[in-house]
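*Asks:* Quick one: the structure is below, and I'll ask about it shortly.
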Amino acid sequence: MSQCQIWVRHHLCCSFQIPTLAASLFQLGRCRSVKEFEKLNRIGEGTYGIVYRARDTQTDEIVALKKVRMDKEKDGIPISSLREITLLLRLRHPNIVELKEVVVGNHLESIFLVMGYCEQDLASLLENMPTPFSEAQVKCILLQVLRGLQYLHRSFIIHRDLKVSNLLMTDKGCVKTADFGLARAYGVPVKPMTPKVVTLWYRAPELLLGTTTQTTSIDMWAVGCILAELLAHKPLLPGTSEIHQIDLIVQLLGTPSENIWPGFSKLPLAGQYSLRKQPYNNLKHKFPWLSEAGLRLLNFLFMYDPKKRATAGDCLESSYFKEKPLPCEPELMPTFPHHRNKRAAPAATEGQSKRCRP
């Protein structure tokens, strides 16, 4: 960890306004200036900042440069960005995006995060690739997501916004989880958190029903949605509203009850919805070609009761990954030079993927 990273990590718990923080970093010589990076093109927008593809003029390395969006009302850095920086400074794993350093803006009015660059994100790949991922490739992707998530959860962090557009992939087939703007550290006792997190299509039923008790299980529900999306080549539960999202879940998994989900009826919003009576689990009908091991894994991820839902460790032990077709090696994942060049073009599209509209 660089001197700059150590200093930032130590001081971010303080209530710095951003000009004060940026000036302090620059004047003390602890962080580099953004002038040392050549912005090549804008490649996207995270939860709390704009992301550029850039070149480090000192090393010629291509990086992702994320400009932290300012809080105009408070003339400072949003608490969400502070959380993202402090969390990423703690995390070092091959399947989690790397925060290399923090640099300051041209006029000391802003800060930028220098991240490891990944050539593509899974959402845009799924929309544009001519041939869908094979099942062996899907397994390769999911294993990497699960390894990163196991590390994250063992570090007592919940991502809270897992979706295909937040999964990046390098040209060497390495999948990395990104965008930690909504992530939270958790502990015992579990502190209340807002249920208005996680993109709608990937949101766990307990969140839709208003729980403020959030655990790693909300990430695991999202993993189930991601696996299903990779297998089906389209989003599994593309709800247009919260009530529509709940209805889609019930159509797929059946109506929840106290028998299968103790405490369900006491959730804050449980009494506000009139759930259809649907007694069947339709996962097998949705994926008739999927093996029994694959269906068991999906069902384990889609358990209504968060306490019974699969953990990342449970999933990594699944027999689904030990049966044919076996997961391919990351190095054997397909590359997408046409898509990469499209992203790298100066006129690259800046709009969000259709897969992450909610």
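Glycine is treated like the rest: Cβ placed from N, Cα and C.
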*Asks:* May I ask you to indicate which of 170-196, 251-277, 332-358 is given in Swiss-Prot as region 'Disordered'?
*Replies:* 332-358
*Asks:* Output, ordered by sequence, the same-chain residues six or more apart from V51 (ATP binding site) with a CB under 8 Å from its CB, or 'none'.
*Replies:* R42, I43, G44, E45, A64, L65, K66, K67, M115
